[in-house]
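J.: The pyridoxal 5'-phosphate binding site annotation in TrEMBL covers GLY92, SER93, ASP238, HIS303, THR304. Look at TrEMBL and you will find TYR132, LYS267, GLY302, ARG397 tagged as substrate binding site. The N6-(pyridoxal phosphate)lysine feature in TrEMBL is assigned to LYS267.
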Amino acid sequence: MADSDQIAIATAEGCWLTTTTGQRLFDGVASLWCNVHGHRHPKMNAAIREQLDRVAHITTLGMSADITDLLAERLVAITPGDLSHVFFSSDGSSGVEAALKMALQYWHQRAAATGATSPSPKTRYLALSSAYHGDTTGAVSLGGIKYFHQLFAPIVFTPVRGPLPCSYRLPEGVRPETACDHYADEIETLLKQHHGELAAVVMEPLVQGAAGLITHPAGLLARVRELCDRYEVLMIVDEVATGFGRTGRMFACDHEGVTPDILCLGKGITGGYLPMAATVARPHVYEAFLGDSSERKQLYHGHTFGGNPLAAAAAIASLDLFAETQLVASIDRKAEVLRSSLDRIANHPHVGDMRGRGLMVGIELVEDRDSKTPFPSERLLGRKVCERATELGAWVRPLGDVVVMIPPLVANDEELQFLGSTVSRAIEEVLAELG
Ligand SMILES: *Cc1c(COP(=O)(O)O)cnc(C)c1O
């Protein structure tokens, strides 16, 4: 807080925020990667108001709300493959926690049912390097980002740590064409060694957001799916950031025809209006928990506000808008508009990489482009660029020296060009001051 920027927002409309001092800012990170249809969308607002006239909150423990049941059906209809059972919670981290417990208890109950070694030894998880799955303790255990996670090592569990499947900095001897095989082989080596103790592989699909929009080689997600099947380990895919159109498909999994055993959704689920997350499971997972109460097979896990009806109403309105506006089909073209607006800095000597998928774009600033050498982190260049962009009217936040652009999906061409040209100008100005 000692050097906080002290921006406070008074109102917002569409993709624009107005501060208490009257500055208008383009919402370049979609209010933390979750706004979809813009702020104060009339249909979103109306759906929430209408639900408010029915019921604001009831519990989903021992009962449910009609609107929440409807949302579950709508999610089942659009999520990949046979994902068909929905557990609601109130934020992405909690959605991941629920998935972790489901996976462990799944193997426990399967072992009991099949007479395999009981209790099951499958109590660990494989997570990727630089993973980010949220800030609660279980999610932090999976996490691999030094500044966020390292300090808490004494109070968390230790996952089996996989590679960072980065497409920009490839290991010695690995070429872009062989990168997918290389990383898949590394994951397979770990699965060979650890599958007997692994409940699940947990990963963000295609793009590791908080790691700095690290973009995986195409095909890796499908390879991990095959490996999880071969080594009998559940696959948990965390689409909290990538879900709901962000990457150009409704879900990132759709790019590679992958159906995870458990899918975690959050952020964009309510269009970015109200807190909600969902953990969606396939039938085999659900059925392992099915039995009358005396069997004590249920997942003893529930959150007070899980499935909140106002959030459910917002989520349904958001899905209706996705359908009405064919938003997902427009994302590839919009991404192209944003990318072209960055052309003028593509060859800048300190722009190392421009990457991402769909409307999830990161620019990594480096000291030396050829060797991909980062700037010393204490120079805070990413932060300085974002501060300059904010002065120029586009609110963006860095991840280290990666300047992140994750606008609301509804942003139009002109707004995307404004975002791209403002960030380009901020980069040029801040880096010119370096001399
Ligand atoms: C944001 C995020 C989370 C955590 O969601 P919260 O709602 O902040 O708890 C988990 N996983 C990924 C991939 C995320 O980007």
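Even glycines carry a Cβ here, placed using N, Cα and C.
Walk me through the surroundings of each of these features.
T.: According to DSSP, THR304 (pyridoxal 5'-phosphate binding site) is assigned to coil rather than to any helix or strand. Around THR304 (pyridoxal 5'-phosphate binding site), the same-chain residues six or more apart in sequence whose CB sits under 8 Å from its CB are THR59, SER90, listed in sequence order.
Within 10 Å of the C-beta of GLY302 (substrate binding site) we count 16 further C-beta atoms, all protein chains included.
Long-range Cβ contacts of LYS267 (substrate binding site) within its own chain (separation 6+, distance under 8 Å): LEU32, TRP33, CYS34, GLY92, VAL240, ALA241, GLY243, PHE244.
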J.: Sorry to bug you, but what's the C-alpha spacing from TYR132 (substrate binding site) to SER93 (pyridoxal 5'-phosphate binding site), rounded to the closest Å?
T.: 10
J.: Quick one, of the binding-site residues HIS303, ARG397, which Cβ has the fewest other Cβ within 10 Å?
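T.: Each of the binding-site residues HIS303, ARG397 was scored; lowest Cβ tally within 10 Å is ARG397.
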J.: Counting only other Cβ atoms and using a 10 Å cut-off, which of the binding-site residues GLY92, SER93, TYR132, ASP238 scores lowest?
T.: SER93
J.: Fill in the CA-CA distance, GLY302 (substrate binding site) to ASP238 (pyridoxal 5'-phosphate binding site), as an integer in Å.
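T.: On Cα coordinates alone, these residues lie 19 Å apart.
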